[in-house]
Structure formats: structure tokens, C-alpha cells
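> Dumping the structure here so I can ask a few things about it.
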Amino acid sequence: MTETLPTSRKSRRVRLADGTGPVLAVLAVLLVALAFAGPAYSEPAGYLALLKRAAPLMILAIGQYFVIVSGGFDLSVGSLVTAEVVIAARLIDGDEGATVWVIPLLLVTGALVGLVNGLITTRLLVPSFIVTLGMLLVLDGAVFLWTGGSPRGALSEAFRVVGREGFEVPLLGAVPWSVLLLAALVVAAVLFMRGGTGRMLVAIGDNETSVRLGGGRVERLRTLAFVLSGVSAAIAAILLGGFAGVSAQVGDGLEFRVITAVVLGGVVLGGGRGSVVAAMAGALTLEALFSLLNLLGVAGGLESAVQGVIIIAAVAYASVGRIPFRTRRST
Amino acid sequence: MVVTGLTDEAPLVRMRGIGKQFLGNAVLRDVDLDLRPGEVHALVGENGAGKSTLMKILAGVHRPDAGSVELGGSEVAFGSPREAQAAGISIVHQEFNLLGDRTVAENVYLGREPVRRGQVDRRRMEADTAELLDGLGERGISPRTPVRRLAVAQRQVVEIVKALSTDARVLAMDEPTAALADHEVELLYGLVKRLRERGIAILYVSHRLREVFDLSQRITVLKDGELVTSKATAELTPDQLVRHMVGRPLDALFPDRAAEPETGAVRLAVRGGGNARLAGIDLELRAGEIVGLAGLQGAGRSAVARAICGVDPFTTGTLELDGRPVTIGSPRAAIRHGIAFVTEDRKGDGLALRQSVRDNALLVRRAAFGRARGLGALDLAALLRSVTLVARGPDQEVRYLSGGNQQKVVLAKWLAVEPHVLVVDEPTRGIDVGAKKAVYDLLRGLARGGVAILMISSELPELIGMSDRVLVMHEGRLAGELPAGPSEEAVMTLATGHATVEAA
């Protein structure tokens with residue numbers, strides 16, 4: 001009978017760690033703290049600006065979630081974002097008309113990089129950690145080779161609209177286009193994760209053999225996760241290019257920031273556990289935390305230290321919470 | 001069978017009126033248990049009957065809420081397993097807690113290494129371990145062998161030696177044969193006998209009735225946390241024991257076999273099938289019948305299942321489904337042709353343990369068919385009812401279910417794709433009698449519905465009780481076929497290679 005009643009204190013902690021509970025609680029505290037710390041957060045505009053800043057990381061978090069929940073890592077997204085922005089600037093070079101074909105090209109590039117990551121991981125059986133680390137270095141090198149360190153060209157106004165501008169909504173004021181795009185992607189991601197393919201990704205992270213014996217095409221599904229991560233990097237690059245402008249450092253460190261965000265959202269490294277909404281909430285929480293630190297006048301250099309502490313603490317919390325499961329014995 | 005050790009001498013352990021509650025649920029109520037030196041006392045009951053809890057109270061893991069435990073005539077109250085161990089009570093766990101890269105001796109003395117001049121006294125540790133192994137007649141295991149290189153049965157021996165190294169007088173064994181192959185079980189029998197001869201009192205928890213009768217001198221049956229009966233083994237028959245455990249006789253466990261008109265056309269036919277592990281496999285499965293596949297461990301039973309289901313496909317020969325030749329090169333191909341495969345290793349191969357009942361039940365459907373192409377709508381609630389699943393709801397994670405209910409989820413996920421051919425490998429391993437009965441009924445019900453079933457089981461009574469025909473394997477080949485209800489001897493004769501041809 002005991003095994004049907006997992007209601008001991010420890011196992012309840014497990015379920016909290018798995019769900020969106022903790023990260024949402026932390027997020028709520030941060031949002032309230034922001035309101036006290038800065039006058040900008042006394043009205044919706046402040047929070048909309050936060051969302052706008054956080055949108056690229058949240059979109060990256062969706063892609064990274066797919067990879068992590070199916071049991072992998074994607075470390076290449078940061079340099080992919082840089083590469084995409086540099087490519088966009090070079091190809092558009094101020095030509096408004098070029099925007100129309102450059103944006104699809106960027107999405108395809110992102111998908112192709114993901115495809116290469118996925119195929120090498122699943123067909124050549126190189127751990128994704130290594131594959132995407134290699135891809136990170138290759139893209140970094142390629143960008144440097146191509147630009148000599150200072151990217152040339154410029155983005156068109158049309159390209160920058162999504163990352164920069166907004167539209168007027170009564171009561172809320174100017175709602176950034178990026179927030180609207182984010183909302184659409186959230187809905188799409190949630191629907192995808194409720195569907196068969198999404199559930200299969202989680203199942204692969206939990207028990208790959210069961211999916212394989214169940215007739216699932218594990219290699220294809222895992223490759224798909226990398227492709228989606230690549231596409232999410234391309235979308236994030238479009239937002240960041242518009243928001244932050246062209247530089248060869250625009251994506252620096254994003255891979256670690258997004259993994260921190262996803263882990264903060266309670267998604268378990270190694271896969272099989274966690275929700276896409278929690279991963280995005282993790283990204284928003286991280287941005288809110290950095291905004292708060294900024295408002296409190298904490299030096300920017302501390303950001304990476306904070307990130308380091310968070311990633312270790314979040315994984316430790318999830319691991320300790322799982323111990324009762326490992327040592328759990330049936331009657 | 002001569003009953004030895006069933007003496008009137010004072011019990012070494014005397015548990016009286018033991019009661020235990022977890023979160024207000026009474027798990028044990030007023031249970032008595034005596035363990036005598038040199039006696040194997042079997043503790044049986046369905047999952048959740050309280051066997052493990054009673055064992056854990058004995059071993060100091062839990063404290064009883066009511067009742068007393070006496071050891072050697074004086075009352076004891078252990079605060080931890082370490083205290084129980086110091087008093088001479090050791091537990092041999094179901095899952096092994098051995099370190100693969102450490103030697104046998106290092107494992108036996110893990111955390112209690114003998115020390116000499118500030119260093120681990122390796123020589124003494126190895127000598128002591130060798131002595132303990134010798135005492136059990138296990139000369140085949142060297143104290144210096146890394147545990148990784150040992151067979152499962154030998155690891156079991158190491159676990160037992162580890163327990164004995166603390167000078168245990170009482171050993172509690174929790175499902176000691178769960179991980180063992182058939183021939184390894186024999187080794188365990190010998191070991192248990194030698195432990196008895198040394199005057200050790202053994203509490204033996206097992207689901208396997210045959211072991212209980214082969215090994216024990218006394219049987220205590222628990223049901224829903226209460227003592228049903230405690231009798232000398234000689235005074236009980238398997239039938240009576242099952243009735244005590246579940247309230248119905250053994251024969252009633254197995255549903256009626258298929259009547260002749262119920263078996264229909266040939267659904268699956270293999271001719272000359274072979275691969276690295278198999279040769280010359282010819283078999284036919286008809287709609288409506290359950291065909292048993294017997295054989296010793298390693299004879300290729302699972303290899304046949306894996307070949308039919310595309311996991312390790314046949315490389316020679318032909319395979320026909322409903323009269324049409326097909327090529328099955330992957331599990332996906334097999335499933336899309338209507339072949340389902342309930343694998344032997346429920347947790348390793350079958351279930352995504354951290355996912356919900358729903359996600360597991362829909363796994364094959366989603367994995368093999370995408371958007372349910374070619375399948376009708378699925379009524380999940382009805383599906384779960386049909387396998388008599390007991391869970392808190394479709395959102396419960398399967399790791400929290402009992403073994404029997406987990407197996408029902410595995411069956412549900414295969415039934416969700418409406419198979420024509422069902423291959424089941426050890427479908428009742430490690431589940432309690434009530435759940436076994438449910439699985440038997442379910443399989444027979446499917447056969448009645450026209451499914452052709454190939455069933456593999458190491459438990460001969462089960463295989464014989466369920467099958468309409470029995471195929472027996474020996475060394476990668478089919479050694480022969482037996483009609484419904486063969487004797488265990490007939491099966492074993494074929495399985496051991498003493499006869500190769502048998503008229504069906």
C-alpha cells in the first residue's frame with residue numbers, strides 16, 4: 001500500500017522541484033522587489049520593457065528545453081546568435097528590400113546548424129556536449145575569420161522593428177512586437193509539448209529504450225530537438241540584432257545563461273523531467289534578477305558569478321530532491 | 001521431504017503483537033513471528049501485505065508502534081540497522097549494493113575495513129573473506145576478483161557473505177532469486193542449506209511458491225498487514241497456501257484454455273528463421289491461441305521474441321503475417337504490422353518511470369504511429385479499466401505504482417495499438433499473485449478476441465497452466481512441441497536436450 005501513497009514530506013518536495021512552483025514563487029518575489037527598487041516598475045511599461053529584454057533569452061530557453069529534456073545539451077546557441085546577427089548585417093547592409101529574404105535565410109541557417117548538431121550527435125554518437133562545444137568554436141572562428149573582429153554592414157529599419165518597436169494598446173501603452181512574438185511562441189511551444197511529438201521528447205529523456213522498442217524514431221526526434229534549438233537561436237538573433245545592434249559579441253555567454261535559465265526552471269539535466277513553461281519562467285526570472293541587481297547598483301561583473309551560483313544551487317536542489325526516488329524501495 | 005530444524009527449542013527471535021502505522025495507515029496489525037536457529041521461515045503475501053515492513057522492523061530500519069521484539073530471550077529495541085547488525089541481524093537486499101570496481105573482499109568489508117598500523121589490512125581482509133567463502137563452500141570466487149566480473153548469482157553470494165561477516169545469527173533475505181537465472185537459483189538453494197546447517201535463522205521473503213516449498217520449514221502468510229496463518233511447511237500444500245494468500249485456489253489462477261473452434265487461421269508463421277543466436281526456427285501462431293515458449297535461460301527464448309519483434313531481426317528465413325510475407329527490420333516495422341512486444345525488463349525497457357500513466361499508456365501509439373494514423377480513436381479510461389489498473393489517476397507517475405500495476409500499464413500501452421500478435425516475455429515476473437491472476441485473465445481475454453499470443457516464462461507451472469501448446473527451445477533451436485498441459489518433466493527433457501523430436 002505504501003507505494004501508492006507517496007505523501008511523505010520528502011516526496012512532496014520532489015514534486016515541487018519538478019513543477020513550475022518554485023521558479024514562479026521566486027519570480028513573483030523578484031517582480032515585487034523590482035516594484036520597490038525602481039520607479040520604472042510602478043506601471044506596466046516597466047514590466048513590458050523587462051519582458052522585451054527577456055524575450056530573446058526566453059525564446060532561446062524554449063529551444064534549449066527541447067534539447068535538455070530529451071537528454072542533451074546545446075552549447076552552440078550563443079555563437080550561433082552572433083553568427084546570425086553578423087550574417088544579417090552583412091547581407092542586408094542597409095538595404096530595406098533585402099529584409100524579406102534575409103529573415104527566412106537566417107531561420108534556415110539556424111535549422112541547418114541544429115541539423116548538423118543533431119546528426120553528429122545521433123549518427124556519429126558523439127555526446128551532444130562535445131558536438132555543440134565544437135560547433136561553438138567553429139562558429140566563433142568563422143565569424144572572426146569573416147569579419148576580422150569588427151562586423152561590417154548594417155541592419156535595415158524593417159529588420160530592427162521586431163526587436164525595437166511596439167504597438168499601442170489601451171491601458172498598457174506601447175506593447176513591444178517582441179512580446180507579441182514571444183506570446184505566440186509560448187502558445188506554440190505549449191501546444192507542441194502537449195502533442196505526441198513533445199511527449200516523445202520527454203520520454204526519450206526518461207527512457208530512450210522504451211521509446212525505441214515502442215517503435216519511436218529516437219534519432220529523428222533528438223535531431224528535431226537540435227533543429228528547433230537552432231531555429232530558436234535564429235529568432236533570438238533577429239530580436240537581439242534589432243534591440244542591441246550589430247556586434248561580434250552580441251551572443252557571448254548566452255549558451256550558459258540559457259542553460260542556467262532552463263535549470264532554474266526545474267528542468268532536470270539529463271532529461272525526462274520539467275516543463276517548457278517553467279524553462280521560460282526560469283529565463284524571465286534570471287532577467288528579472290539581473291535587472292534588480294542592476295537597480296541596486298551591483299556591478300555588472302557579478303552577473304556571471306550569480307549565474308554560476310544559481311546553476312549549481314538549482315541542480316543541487318533537484319538532485320537532493322530526487323534522492324528519495326533512487327533509494328525508494330517497494331514493499 | 002524430511003522436515004529438519006523444526007524443533008521445539010526456544011526461538012532465537014520472537015516478535016509479538018507487532019503493529020506499525022505509516023501516516024495513519026496501519027501497515028501491520030498484531031503480527032507474531034518466531035525465527036529458530038537452523039530454520040528457514042518463509043514470509044509470503046501479496047504486495048502491500050506488510051512483508052517488507054515486518055522485515056525492516058526486524059532489521060532495525062523501522063521501529064514498531066506496538067509489540068515487542070526479543071532476541072535470544074531478551075527484549076531489544078534497535079534504533080538503526082547498524083545496531084541490529086551489531087546484535088547479529090543482517091538483511092540481504094533485493095537490489096545489490098555492491099561496488100563493481102572494488103574487489104569481493106573490499107565489498108564485504110566496505111566501511112569496516114580491518115586496520116593495521118593506520119592502513120587497511122588488505123591481507124587479513126582477503127584471508128577473512130576467503131574463509132567466509134570457504135565456509136559456504138564457494139571456492140569459485142576469489143576475494144580479489146572485482147565484483148564487476150562476477151555473475152549475478154555470485155554477487156548474491158557476496159551479499160550474503162557481507163551479511164555473515166558481521167557474525168550474523170539471523171539473516172533476512174528479500175526476494176533473493178528475483179535477479180537470478182534458473183540454474184543460479186540452484187546455487188542459492190545449496191547456499192541456504194549450508195547457512196541452515198550453521199544454525200543461522202533465515203527469514204525468507206519470496207513471491208515464488210516453489211522456492212518457498214523447497215526451502216522453508218515454516219511459512220507465515222500475511223494479508224493486508226495481518227497474520228493469516230503460520231504453519232509448518234509440511235502441513236501446507238501450494239493450493240492451500242495460495243488460498244491463504246489471496247482467498248482462492250491455485251488452479252483457479254489460470255483461465256480456461258482455448259476450446260478447439262476458438263483457434264483460427266495462422267496469424268504469424270516463421271520458416272527457417274535464424275540469426276546470430278538462433279537457427280532453423282519454424283513456428284506458427286494461430287489467432288486465439290496462447291503458445292508457450294519454454295527453455296533454459298540462454299536457450300534463445302528471448303532471442304526468438306526479439307527477432308519476431310524486430311529488435312534483433314531474423315537474418316535468414318521468412319516471416320509471414322496473415323499469409324503475406326513481410327520484412328520486419330525494426331520494432332517500428334513490427335508494431336506497424338500489428339506485432340506487440342511486452343519485454344522482460346519492465347523498468348529498463350518498458351516504462352518511462354518518471355512520466356505519467358497517460359504518457360506511458362500512449363507511448364507506443366505516439367511513437368510508432370505519430371498522429372494516430374491508421375488507428376481508431378482511443379478511449380484511455382476504458383483502456384485502463386480493461387487492464388484493471390489501480391492508480392490515483394492518469395496523471396500519476398508510474399514509478400509510484402506497484403510492480404503489478406506497472407505491468408498493467410505496460411500491457412495497456414501495447415493494447416492501445418490493437419495488436420494481432422502479442423509477444424510477452426516474463427509477463428508476471430516480480431508481481432504479486434493478485435496481479436498475476438489479472439494478467440492471466442487479460443491474456444486469455446485477448447486470445448479470445450483473436451489475438452495470437454507467444455508467451456515466455458521461467459515459471460513452468462505458469463507456462464503450462466496458460467499455454468494451449470508449448471514450444472521448447474534448446475541451444476538456439478526449437479527442440480520440440482508439446483500439447484496443452486504437458487508435465488514439467490516432459491518440458492525439461494526437451495529443454496535439456498535429452499530428446500530432440502517429439503510428436504505433438
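Heads up, the Cβ atoms here are built off N, Cα and C, so glycines get one too.
From TrEMBL, here are the annotated features:
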- A:21-41: transmembrane segment (TRANSMEM)
- A:47-68: transmembrane segment (TRANSMEM)
- A:98-117: transmembrane segment (TRANSMEM)
- A:124-149: transmembrane segment (TRANSMEM)
- A:169-192: transmembrane segment (TRANSMEM)
- A:224-248: transmembrane segment (TRANSMEM)
- A:254-270: transmembrane segment (TRANSMEM)
- A:277-299: transmembrane segment (TRANSMEM)
- A:305-325: transmembrane segment (TRANSMEM)
> Sequence gap of 6 or more, Cβ distance under 8 Å, 3 or more pairs: do the transmembrane segment (A:21-41) and the transmembrane segment (A:98-117) meet that?
no
> Can you work out which residues elsewhere in the same chain, 6+ from the ends of the transmembrane segment (A:277-299), have a Cβ less than 8 Å from its Cβ atoms?
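Same-chain contacts beyond the ends: 19-20, 23-24, 26-27, 30-31, 33-34, 37-38, 50-51, 53-54, 57-58, 60-62, 64-65, 68, 186, 189-190, 257-258, 260-267, 306-307, 310.
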> For the transmembrane segment (A:254-270), what are the same-chain contacts with Cβ under 8 Å, counting residues 6+ beyond its ends?
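Sequence-distant neighbours of the transmembrane segment (A:254-270): 17-20, 22-23, 26, 57-58, 60-61, 64-65, 68-69, 71, 73-79, 81, 132, 136, 205, 236, 278-283, 285-286, 304, 307, 310-311, 314-315, 318, 322.
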> Among A:47-68, A:124-149, A:169-192, which stretch has the most Cβ pairs under 8 Å to the transmembrane segment (A:98-117)?
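Looking only at A:47-68, A:124-149, A:169-192, the most contacts with the transmembrane segment (A:98-117) come from A:124-149.
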